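Worksheet for the structure shown next.
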Amino acid sequence: MFEALKEVLGEINSKLAAVNNELSSKIMSENIVSTRPVAQAQYCGPYKLEKTLGKGQTGLVKTGTHCITGRKVAIKIVNKEKLSESVLQKVEREIAIMKLIEHPHVLHLYDVYENKKYLYLLLEHVSGGELFDYLVRKGRLMSKEARKFFRQIISALDFCHAHNICHRDLKPENLLLDERNNIKVADFGMASLQVEGSMLETSCGSPHYACPEVIRGEKYDGRKADVWSCGVILYALLVGALPFDDDNLRNLLEKVKRGVFHIPHFVPADVQSLLRAMIEVDPGKRYSLADVFKHPWVSGTTKADPELELPMSQVVQTHVIPGEDSIDPDVLRHMNCLGCFKDKQKLINELLSPKHNTEKMVYFLLLDRKRRRPAQEDDTEIVLRGAAQNNDPPKKRTDSSRTSRYPMGSIADGSPINPRKTYGRNQKSGRHSSLGGSPTESPRSSTRDLFGSSSSGSYSARAGEDRDRGRSASRSTNSYHYYTQPVDPQTLAEAARHVRDAQERRESRDSGRGSSRKESKDRSDKSASSSSCKNDASSTSSVPHKYSPPSVMSESVVVSSSTMNSTNSSTNSLIAGNSQTSIGSTSGPWRSKLNNIKNSFLGTPRFHRRKMSNGTAESDSEDSQMIDTTDLVKKSWFGSLASSMSVERDDTHCVPVQGKTLNSIKAELIRAFLQIHELSHSVVGQNCFRVEYKRGPTVGGSVFSRGIKMNVDIIPSPQQVVIAGETPTYVVQFVLLAGPVRRFKRLVEHLSAILQNSTQQRADRQQQAALMVRPRRLSDSSVGSACSDSESNASSINMIARHSDKTETTSATSSDPYGPSPSMRSVGSGTANSYKSPTPHRRNTTAVTASSSSASNRYGPSSSSSGSYSNNADYSYHPEYSQRSNGSSAPKNQYSPGSQRSFAFSMFNKADKV
């Protein structure tokens, strides 16, 4: 028996073991299948893929974080298997174009990774989102903010056009904002290289922003097409809508072809002229980008002429390539991806030409980019870490060869020998400086005042000194154009010797003031932690005997700011940048002192720079990095707490209402809600309404329009003392739930004007108007009723008499400007002409009798007649004190004579019925 039990238990155990093995194998297989796709998209080189930012036409965009440095990038993932060959060629063209352009307001391309299935583009990460969302959230912008954005857009566009690149798809969706609300032009998928003297043919872009010649399918100039798109964007910034909009695509295209649009009245006149010139149907009459820069609204208050980009044909120095073997294959591959260089053999022939041409210019631009930012393999440990669980890890596109392997000959015929870009107008700033070769590095200074707005303190002093020394002797490190060839060593040594001689002459000139210089240095060290650069300059100028050398101070500050990758434009020369070690190595304390001064200048940019910018005439330029503390408070976690203490709230308005009951306030509110077009309301409480105002199709459509949602509450005044017999005071509270603040304010102002226009206020205005009766002689043609001139005369006299002495008798004609009451008509006047019921369509041409002629003196304080009657309260009718006069809130002297008497007839009819 025991043996039988053992056999049964053994069979049960074996079956349980088999079931466990099957379950464990299934769980293992499910885990492997579920983890495979996650492991594939987990790493891209040293970057860990994180959340999805958005989805575009060609792929997905995710954030990536460097696993060592923590630097964030935006990774655009393109599925090569799902896209056609033509779309992939556009992606390759976008890569080549973005390698040509490096500008502070253009999104940067760092590196490219790929595997068999995907293509990964590592782009600059910006946290501000799209300009489109910013417009939808904020509504139309003020002129100052719109000008700042517009300047940055045309600055980037001018740089692209100088490189013969046309964007062709400019719209707010392709304009991104960084953390400082600066523009970054993105999405060069539609961009094209337009060779000088040629026209573009491809119709592309968005219909709302495309120019008429593109929609008609004609050949067009890409530069003029971009100007049209910029005009539409400027219209959207200032108006909050689009100039051409329609739900039907065919109708929209017809509107764009006609080019007829309406500019609202609130747009300034100078901006209206700019919009008309940019959104011009005829490309020949349309503004060029140079004309846009010269426009008074764009230049602002600065008197200096704007500095445009020079064409690259006048900037890039090209050389003779000895043979086909000397052509860099990587650069040749990138040029092949550009649409205008599809014929490879023709491209090679142009590159081997001894003359300066467009092909050679683009070649040396890309070659210089490769020299400055070589694509090298990633660290082995990082690659192994990312590829440990991935069968096909993304690999970085690297250079197949070094640039030093390919020799170059002499300068090409027609090439600029001394490029003006290096020595010329960009010496004062770093507008087009290189922005860091790796995404792990911070961009070197890139901001530049395109319109000549002056900086303060030592920066402007340094710029002035550089101009005094001569343009050929000093060049800004950041303004040294990175597309030109390296500086000749002999030229560099000559420039260094020139700078050293200038410094020695300056030191010898100031040698007699050594003691005062020491005192000035001590004073500057003490005030460095609490004063700005501008205050230091003013204190130095106020004490003539204490001299501080501005050259050493300003140069040191600039060197330290460029070392720390400051956002300000550095103005130190290339030689000063190379000799900064000698300046810092002469004495140890100088380095710490300079760092202290630098920290005092740059340590708290949010507040002390804001104070410095208050006195400037043009503080809204695209390069001003001033941070508005109000915006920072709104973005912070403690925004609601800080705004309640320091920032004035705009989403709640209270309107006090006096002399009205609760029911009358409700009735007036509901009447006002019903009278406003496109406004709907609902009752959510006994004294509470929910109001929603939706704008219909405007001039630009509803692309950027947003409705308003608000609560309207009627509450008793908390600070009133209720007295018996008096109407309590109420407060109507308007609370914004959603929508633009400016539109909410306008709606509240309209409703408050209706609520506060009480009966007593109207009566007071009528009394004041009655005391200001102007004498006038009414002819028969101007009287549109049965009343005669004598009635008008007596009416004016009796109105004055009533205010001077209420008990005094008046003329027998009438004491009421609107006509006598029925009870008055029964009283005889003693004249030949007795009053009867007036007729609205008959004019009374009866002559004035002798009894009424005594009232012809219109200036007398009172008047009496032989046939007078007692002005008792039982028989008199005073419309200015009666509730029946509520239908007219305007003073009496604002009515025309005919309208006044016709209104009196309506009052007669009501009195007769009573």
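Yeah, the Cβs are placed from backbone N, Cα and C, and that goes for glycine too.
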Swiss-Prot annotation, ATP site containing L53, G54, K55, G56, Q57, T58, G59, L60, V61 - matching residue among K72, K76: K76
Proximal residue to D169 (active site, proton acceptor) among binding-site residues L53, K55, Q57, V61 (C-alpha distance): Q57
Maximum Cα-Cα separation in Å among residues L53, G54, K55, G56, Q57, T58, G59, L60, V61, K76, which the record lists as binding ATP: 14
Shell of the ATP site beyond L53, G54, K55, G56, Q57, T58, G59, L60, V61, K76, same chain only (C-beta within 8 angstroms of their C-beta centre): I77
DSSP state at D169 (active site, proton acceptor), helix/strand/coil: coil
Cβ neighbours of D169 (active site, proton acceptor) where a neighbour is any other Cβ within 10 Å: 21
Listed binding-site residues (K55, G59, V61), ranked by Cβ neighbours within 10 Å, top entry: G59
Distant-in-sequence Cβ neighbours of L53 (ATP binding site), under 8 Å, six or more positions away: V61, K62, T63, A74
Conformational class of Q57 (ATP binding site) under the three-state DSSP mapping: coil
